[in-house]
Amino acid sequence: MLFLHSVVQGTGTLCTLAAWILLALVMTGCQSSTTSKFQLFSLATNVAQINVGYFNMCVLSANATLICKPQFTGCPGLTSISLTDVRSKFLINEVHPWMIVFSFCVCGVSFLMGVVSSLPLIGRLEFLRNIRISLSFFSFFSILVTALFAHVAVSSFVMAVGNGTQNRVTASLGKKAMIFLWCSMGLVTLTGITDSIILLVTSRTKKIRKTILEKSKVLTPSSSFSSKSSTTKY
């Protein structure tokens with residue numbers, strides 16, 4: 001029973017860690033050449049391509065030169081689109097970058113609570129389990145809202161750019177970032193389910209032990225009385 005409890009709790013903690021890493025990759029998308037493919041959306045022409053993340057942009061020119069910066073005042077081949085305007089108006093008003101930061105922080109706190117609750121002595125405290133379950137479901141809802149806002153807003157923006165530029169600019173959705181967001185939500189959901197199972201099994205086990213202990217206390221006086229009566233007969 002103890003081994004199964006440890007396996008289930010460890011699985012939940014690892015799921016939270018994986019969700020935390022996925023959120024970090026999405027949040028730091030387009031910060032460098034390593035994370036340049038984790039973009040929310042990309043705009044491309046025959047001359048250049050821009051990948052837009054939550055807090056940065058990466059421009060890939062025709063000669064395969066990659067430049068990543070928080071803002072660009074202009075880009076060869078994309079002169080008809082103000083990239084600063086894309087960042088300031090679209091990202092702030094539609095995607096709400098603070099939501100991914102909030103989800104990342106809540107998921108990180110949930111992971112730390114999972115590590116703390118896995119300790120032998122501290123893990124027995126029931127209120128820590130309740131706090132971790134609450135954090136897991138809170139992380140689920142925050143990531144769900146973040147993913148919905150990002151997916152719907154980016155998809156609408158991509159369609160608007162494709163229809164408004166008369167095929168001069170090709171817009172595409174950042175599939176990896178969206179997949180990471182939805183996968184992190186699924187992992188946090190799995191963590192909440194495992195924590196709920198642990199809490200349910202633990203509470204049921206405590207109730208069974210309590211009833212057994214109460215029955216043993218009730219049976220003890222009667223057994224002692226019967227032993228005394230048997231000795232007086234002899």
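Placed from the backbone N, Cα and C atoms, the Cβ positions cover glycine too.
Database features (Swiss-Prot):
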SIGNAL    1-32  signal peptide
TOPO_DOM  33-96  topological domain 'Extracellular'
TOPO_DOM  118-132  topological domain 'Cytoplasmic'
TOPO_DOM  154-178  topological domain 'Extracellular'
TOPO_DOM  200-234  topological domain 'Cytoplasmic'
TRANSMEM  97-117  transmembrane segment
TRANSMEM  133-153  transmembrane segment
TRANSMEM  179-199  transmembrane segment
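Note on the transmembrane segment (133-153): residues 12, 16, 19, 23, 40, 90, 94-96, 99-100, 102-103, 106-107, 109-110, 113, 177-178, 181-182, 184-185, 188-189, 191-192, 195-196, 199 of its chain, located 6 or more positions outside it, place their CB under 8 angstroms from a CB of the stretch. For the transmembrane segment (179-199), the residues of the chain that approach it from at least six positions outside its boundaries are 5, 8-9, 11-13, 15-16, 18-20, 22-23, 25-26, 38, 107, 110, 114, 126, 129-130, 132-133, 136-137, 139-140, 143-144, 146-147, 150-151, judged by C-beta separation under 8 angstroms. If you look at the transmembrane segment (97-117), the same-chain residues 6 or more away from its ends with a CB under 8 A from one of its CBs are 9, 12-13, 16-17, 19-20, 23-24, 26-27, 54-55, 91, 123, 125, 128-129, 131-132, 135-136, 138-139, 142-143, 145-146, 149-150, 184, 188, 191.
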